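Working notes, beginning with the structure itself.
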Ligand code: GLP
């Protein structure tokens with residue numbers, strides 16, 4: 001059993017993708033019918049690119065892996081290219097060669113949202129839990145769509161997006177008003193139940209959120225700080241995202257001296 005929060009600082013986004021992909025690849029190789037927790041957003045794209053390359057080269061087989069996305073907008077048609085159903089299909093399911101039948105995304109169109117959220121939690125449990133959860137981080141410290149002040153014990157539920165998150169995501173829509181106001185997201189308590197967490201971030205815009213998540217107090221004010229409660233979380237970031245960390249030199253030293261016996 002691992003017991004660590006590991007901070008890995010790398011020169012650029014491609015390296016972030018390569019190292020984070022190695023963590024995922026390790027799980028897929030050991031458990032080819034396991035379950036991946038999938039994140040949307042631009043941050044994990046470098047991971048998916050690297051995993052798709054390894055799948056195309058025949059090094060990895062995702063055909064029996066299950067996938068569970070973190071979140072979805074409420075009320076956005078799944079045919080909309082920015083619905084997370086469409087994004088996961090385009091950036092993960094197809095490029096990695098996953099079976100669409102085995103990939104689930106929370107139901108943002110359900111008539112009975114609480115029932116759909118409970119069903120999503122039950123589906124994760126029925127799959128035996130998530131083996132490794134991929135995470136990005138919002139500039140305000142959100143993971144999934146767990147905005148600041150989300151309960152640290154929360155499960156999959158409906159949330160109201162903050163104006164900041166709607167503004168950040170407006171670039172994907174025709175106008176800022178077109179960004180949905182609500183979402184369904186796995187809770188922080190759901191995320192904590194995954195056996196492994198891998199959070200990636202690139203660029204200075206994420207530096208403050210990363211510093212709060214890694215070195216700040218565990219607090220619902222920075223939802224990503226909940227990673228400090230997990231027994232095996234890995235934070236893989238570039239120099240820009242690392243630029244506000246006080247102990248960056250120690251993390252670099254730890255990584256440079258990582259013992260052979262310690263897996264990714
Ligand atoms: C989005 C997603 C998150 C993602 C975050 C950062 O709203 N719901 O899962 O981590 O915001 O996105 P990006 O990686 O594009 O900066």
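Keep in mind that glycine also has a Cβ here, set from the backbone N, Cα and C atoms.
Because TrEMBL annotations are produced automatically, they should be read as predictions rather than curated entries.
What TrEMBL records for this protein:
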- 71: active site, proton acceptor (ACT_SITE)
- 140: active site, for ring-opening step (ACT_SITE)
- 142: active site, proton acceptor (ACT_SITE)
- 147: active site, for ring-opening step (ACT_SITE)
- 16-233: domain 'Glucosamine/galactosamine-6-phosphate isomerase' (DOMAIN)
- 150: site 'Part of the allosteric site' (SITE)
- 157: site 'Part of the allosteric site' (SITE)
- 159: site 'Part of the allosteric site' (SITE)
- 160: site 'Part of the allosteric site' (SITE)
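On the structure: features taken from TrEMBL.
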{"residue": "71", "record": "active site, proton acceptor", "Cβ within 10 Å": "23"}
{"residue": "140", "record": "active site, for ring-opening step", "Cβ within 10 Å": "18"}
{"residue": "142", "record": "active site, proton acceptor", "Cβ within 10 Å": "26"}
{"residue": "147", "record": "active site, for ring-opening step", "Cβ within 10 Å": "21"}
{"residue": "150", "record": "site 'Part of the allosteric site'", "Cβ within 10 Å": "22"}
{"residue": "157", "record": "site 'Part of the allosteric site'", "Cβ within 10 Å": "21"}
{"residue": "159", "record": "site 'Part of the allosteric site'", "Cβ within 10 Å": "20"}
{"residue": "160", "record": "site 'Part of the allosteric site'", "Cβ within 10 Å": "13"}
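Only 71 of the recorded positions listed as 71, 147, 157, 160 bring a Cβ under 6 Å of any atom of ligand 1; the order follows the sequence.
When Cα-Cα distances from residue 71 (active site, proton acceptor) are compared across the recorded positions 142, 147, 157, 160, the shortest belongs to 157. Annotation note: residue 160 (site 'Part of the allosteric site') sits in a strand segment as assigned by DSSP. Taking residue 142 (active site, proton acceptor) as the reference point, the recorded sites whose C-alpha atoms are within 10 Å of its C-alpha, out of 150, 157, 159, 160, are 150. The DSSP secondary structure for residue 140 (active site, for ring-opening step) is coil. Among the recorded positions 140, 157, 159, 160, the ones whose Cα sits within 10 Å of the Cα of residue 147 (active site, for ring-opening step) are 140, 159, 160, in sequence order. Cα to Cα, residue 150 (site 'Part of the allosteric site') and residue 159 (site 'Part of the allosteric site') are separated by 9 Å. If you measure from the Cα atom of residue 140 (active site, for ring-opening step) to that of residue 157 (site 'Part of the allosteric site'), you get 19 Å.
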